[in-house]
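*Asks:* Dropping a structure here in structure tokens format, bear with me for questions.
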């Protein structure tokens, strides 16, 4: 279902989250063309390193202002750095300290973009907010569903799975019905300053710097041994927090005698002994899981799923939908997959779908081996 037609938009005031990127720029433009009263809001979510080569906030604000000036709308600014630190960044650090690999973008959406920003926009008198996310919404039977974006290469429902239906109901997603090339074409046609601006990648507060350089500013590293699955010590790591399951690059253990030429991969992060367990080969059996246990489940809508139930799931962004059976456990949920899943990583999110509907998801706690003979210590 497309967002309301012009006849439904009379006098509705929408505040668009302007990131300084092309997607939010085109979102604001499209809403104006649909007859909404549109204003923009630029969020500042990070205070550290302002003015350095890593922080693009000033450039992004300038781009957002240029677009707003071009299309003739007001741009508000708001500082949510304190909320971001308390609700996103401290959790990010705690997860890494615990040896897990978190996804701060998911928390940022739930706590900042669809909570702090939404509340602030309502305080400014908005009827609705809008963002440049590649997702869609559908109102049905008194609830609002979150749907995948039409562009399978840009669909961002994975990152919005923890946002509630009540928040989705107050949000418009103008580019969710479009593919990325169409969005850029619209921006170029209207000569928007962001038309050719590259998409942002990675974690926003880290920017282009090395991840390890950033993390060691906040957490003390604990070096330890790198071992094979047979227990042989073949190197040392600088800290388990710098590594993730399935990682190949940056291990520094090449050229070992009688080891063969296959690359090494991270298989296990042994927190108890502060050891990194590695093995050779992209298809090493310890990399594959049959099932996972998840906690901290957020459903977009609190509906009865009549578990166990056949669904599809993603254990990482841009993964194709993986058929699975979801069931309730004592402490959370268990998803059992039809096919082996590679590098299922504790701390990351598993997101569940029923066709094009994003139902919700949770945090991966445990990855179970594909077969008993592949059981890990």
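Our numbering is plain: 1 for the first residue shown, then up by one each step along the chain.
Using the three backbone atoms N, Cα and C, a Cβ is placed for every residue, glycine included.
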*Asks:* Taking Swiss-Prot at its word that 17, 18, 19, 20, 21, 22, 23, 24, 132 bind ATP, choose the one of 43, 122, 123 listed for that site.
*Replies:* 43
*Asks:* Hey, what's the Cβ neighbour count for residue 17 (ATP binding site) at 10 Å?
*Replies:* 25
*Asks:* Measuring Cα to Cα, tell me the gap between residue 108 (active site, nucleophile) and residue 19 (ATP binding site) in whole angstrom.
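*Replies:* It is 14 Å, counting Cα to Cα.
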*Asks:* Could you tell me which three-state DSSP class residue 19 (ATP binding site) falls into?
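*Replies:* Going by the DSSP assignment, residue 19 (ATP binding site) belongs to neither helix nor strand, so it counts as coil.
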*Asks:* So, three-state DSSP: helix, strand or coil for residue 348 (site 'Interaction with tRNA')?
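*Replies:* The three-state answer is coil.
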*Asks:* The record names 17, 18, 19, 20, 21, 22, 23, 24, 43, 132 as the residues that bind ATP; what is their largest Cα to Cα distance in Å?
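*Replies:* Taking every pair of listed residues, the largest Cα separation comes to 16 Å.
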*Asks:* Going along the chain, which residues six or more apart from residue 21 (ATP binding site) have their CB under 8 A from its CB?
*Replies:* 60, 63, 132, 194, 197, 199, 200
*Asks:* Hey, how far is residue 348 (site 'Interaction with tRNA') from residue 43 (ATP binding site), Cα to Cα, in Å?
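*Replies:* Checking the Cα atoms of residue 348 (site 'Interaction with tRNA') and residue 43 (ATP binding site) gives a distance of 25 Å.
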